[in-house]
Amino acid sequence: MGSPRSALSCLLLHLLVLCLQAQVRSAAQKRGPGAGNPADTLGQGHEDRPFGQRSRAGKNFTNPAPNYPEEGSKEQRDSVLPKVTQRHVREQSLVTDQLSRRLIRTYQLYSRTSGKHVQVLANKRINAMAEDGDPFAKLIVETDTFGSRVRVRGAETGLYICMNKKGKLIAKSNGKGKDCVFTEIVLENNYTALQNAKYEGWYMAFTRKGRPRKGSKTRQHQREVHFMKRLPRGHHTTEQSLRFEFLNYPPFTRSLRGSQRTWAPEPR
């Protein structure tokens, strides 16, 4: 038999081993049932790890999370929305609007160079030699879409003003083509320029003698492309035809006390 001192040391060593085992078990329970040896988890795949997490070696995983703006970044969302809206408006303004109601206006186009008005004749000729109030100078302007794009036709002949591939102004009975669509551009001098929608950079223009000029030789700053909208002689809009109605109310006077206001009868 050993000495009592050796037996006591063996007992203490046995108690220490039991305490260590209890600590290991409690740690394993806290990690959960799927947690095992840390050395075993290093060899497992990365499918259970969250996106964007880095490994111990410092390398990214195969499928990182996309870089979406945070929910709280209001400035980023506000900067993206106007760009999307502008792109949508620009794309839709280039397409004929088949759903909205057409806005039809009637007026004359006064040429800055010739000093007269644009007219569409029955022989399909177009010039700027009409006087004010001429029936062939009365034009009907139809909206094509919301991007200031219009179709212009003569009210007397029903022919549309179009432009061919050579830049020459021609008259057509069917104005559904893009060559019969013009974009209204309001200039700084308050004149209006009409740019063809099919041939960008080509404008409706007339010389001093009222003859049409080729669109390929026109620029926006030239006087030949400047027009002014004028109502036909004797033509009034709905707003101008309306008259104000004045109602005769009795005059406003004070009573004798001065604290209350009364209506005095109107003198006859």
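Placed from the backbone N, Cα and C atoms, the Cβ positions cover glycine too.
If you check Swiss-Prot, you get these features:
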COMPBIAS  71-80  compositional bias 'Basic and acidic residues'
CARBOHYD  N60  N-linked glycosylation site
CARBOHYD  N190  N-linked glycosylation site
MOD_RES   Q23  pyrrolidone carboxylic acid
REGION    29-87  region 'Disordered'
SIGNAL    1-22  signal peptide
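The number of other CB atoms found within 10 A of the CB of Q23 (pyrrolidone carboxylic acid), across every protein chain shown, is 10.
Under the DSSP three-state reduction, N190 (N-linked glycosylation site) is assigned to coil, being neither helix nor strand. Separation of the C-alpha atoms of Q23 (pyrrolidone carboxylic acid) and N190 (N-linked glycosylation site): 89 Å, rounded to the nearest whole number. Counting only residues at least six positions away in the same chain, the Cβ atoms of M228 sit under 8 Å from the Cβ of N190 (N-linked glycosylation site).
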